[in-house]
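Asker: Here's a structure for you.
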C-alpha cells in the first residue's frame, strides 16, 4: 500500500495531478491512499518550493508542474 | 492495455521530427504574421459597420491587435518555456544560498527573470528561500523581479513598442528589484515575518536530477504555451478591448493633458491607480500601447504598468500567510517609491 501526498495550495494543476495519479493507479491496479497537503508549513517541511509536488511514502519524487504520465507509472511500479 | 496512452508515439519522441515541425511552423508563423493587417482590414470591412467611423476603426484595431498579440505571445512563451528548463526554483535557491546582501540582491533579481514563477507558488518559494538561510532582502529582490520582469512583458514590449522600451523596462525593473530588496534587507525586518516561518529550518530536498533531452525541452515549451496562453488570453482580449476603446474614442488632447509630460502628478496617480488593479503583462501592454499612441508620457505609462504587475492585491493576500501586515506595507511602500522614481526620472530624461 503506497501513501501518496500531493502538495499544493489547491490550484487547478494540483487537482489535475491527483486525477492523473488516480487514473494511472487504477490502470496498474496499485493499492494506494492519496492525501492532499495544502498547509504551507507542512509543504515547507518537505523542502518543496514549486507546486504541485508529489510525495510517495515520505519521499519527494516531483516538484513543479504536472508530472509526466510515464513518470507516474514508474513511481507506482517501483 | 497500458500501451495505448503510456507508450509515447514515435514522432513525438523524435528530435528530428520536432525540429522539422518547428521550422515549418516558424515559416508559417511569419507568413501569416505579415498578412495580419490586410486580413483584419478585410474582415472589418465585411462586418455590418459603417466604414470610416470610430467604431470601424476600433473594431479593425481590435482584430489586428488580438491576432498580433496572440501570435507574438505564443512565440515568446514557447521560446522562454524552452529556456526555463535550464532553471528551477531549487537550483536558484542553491545558487543564492550563502550569498551576501548586495551582490546577492543583484544575482537574485537576475535569476528572477529566468526562474519559473507563478504567484500561486510565491509562498512555498518564499518559505523555501528564507528557511534555507537566504537573507530576507535577497529573497525580496527575487520576489519583486520574478513577476515584474517576465517573458510575456519583455516579449510584448519588444514587439509592440520596440527594443528601446523593452530594454528600458528591463533595466528599471532590475534596478527596482535590487534596490528595494537591499533597502528591505537594511531595515532588518526578520522579526516581522510570521513566527512559523522564522522558526522553520529545512534541509534542501534532493530530487533525483532529471536529465532532459532536447525533445523534453521542446515539450516543456509547448506545455508552457498551452498553460500560459490558455490562462491569459482572456486578459489579452480585455486589454485589447480597452486599448481599442482608447484608440477609437478617447481624444488625444485630453489624454496628453492628463498623462502627458506636463502633469507631474500623473506619475503618483498612475502608481496608486495600479495597486488595486490586477492584470498581467499580456493584458496591460495593449493598453500601454494605446495610451502611448495618444500622447501619454512614457515614464508615466511604464510606472502604471509596473504598478499593475508588481504590486497586485491578490499576491499580497497570498503573501499575508507568511508576512505580517506591517511587512507587506513596507514592501508596497518601498516598491512604490522605486516605481515613482523611475517614472519621474524617465519623464525628465525624455522630456
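Keep in mind that glycine also has a Cβ here, set from the backbone N, Cα and C atoms.
Just lifted these from TrEMBL, have a look:
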ACT_SITE  A:11  active site, nucleophile
ACT_SITE  A:14  active site, nucleophile
DISULFID  A:11-A:14  disulfide bond
DOMAIN    A:3-76  domain 'Thioredoxin-like fold'
Asker: Just going by other Cβ atoms within 10 Å, which of the active-site residues A:11, A:14 has the emptiest spot?
Answerer: A:11
Asker: Which secondary structure state does DSSP assign to residue A:14 (active site, nucleophile), in the simple three-class scheme?
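Answerer: Looking at the DSSP assignment, residue A:14 (active site, nucleophile) belongs to a helix.
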Asker: What are the DSSP helix/strand/coil residue counts across the domain 'Thioredoxin-like fold' (A:3-76)?
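Answerer: For the domain 'Thioredoxin-like fold' (A:3-76), the helix, strand and coil counts are 31 helix, 20 strand, 23 coil.
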